[in-house]
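Some notes on the structure that comes next.
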Amino acid sequence: MSLQIDAVILAGGMARRMGGDDKGLVELNGKAMIEHTIERIKPQVKEILINANRNQTRYAEFGFTVLSDEHTGFLGPLAGMITAMGHTQADYLLVVPCDCPLLPRDLVARLLAAIETNDAELAVASDGEYQQPVVMLLKPNLRESMKAFLEAGERKIDFWYAKHHCVVESFADQPNAFVNVNTPEQKQRLAAEINQS
């Protein structure tokens, strides 16, 4: 029996460093940022969910289910992950941000292999130097643990990792895979990277 793996693209933040622009909808090389992310992960998963707390109608135009946080008040990526975990029947959920248009094409395969090899509950990606805290594969049955963590006032996702058997998978062989956009200057640099990829 093959595993079902779904994905959630996190587009629920406030994007303060981008002047408040909705990062997933910022245009990059003629496409919305989230479209680049969708193209990278679609071949790797069964279903895609989009977590968005504004512009939901616009996000729905991409043809996927759009979910707003169950917890109100822009509580960060944990809130979006909790919501998505409550809407999937998959064996695993891939979590990615909306502003990483160069995500690895073998992201799921490698994160899943890391989980299975280490009998872990979740795997987090690393660029070889730094962990990418919102690029992970996890079991949706971790939802209650994450929900309790958030409702206790915690926000730091790496503190939540520490409560579970988490493995880190290095993608040092793809150094630009997790380059994202937080400023207009980064957007310009990334546009050039995409042209070369």
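Cβ coordinates are placed from backbone N, Cα and C, and glycine is handled just like the others.
GTP binding, as stated in Swiss-Prot, involves LEU10, ALA11, GLY12, LYS23, ASP69, ASP99; the candidate among ASN29, ASN51, ASN55 given for that site is ASN51.
According to its DSSP assignment, ALA11 (GTP binding site) is in a strand. Residues LEU10, ALA11, GLY12, LYS23, ASN51, ASP69, ASP99 are recorded as binding GTP; their most distant pair of Cα atoms lies 18 Å apart. For the binding-site residues ASP69, ASP99, the largest tally of other C-beta atoms within 10 A is found at ASP99.
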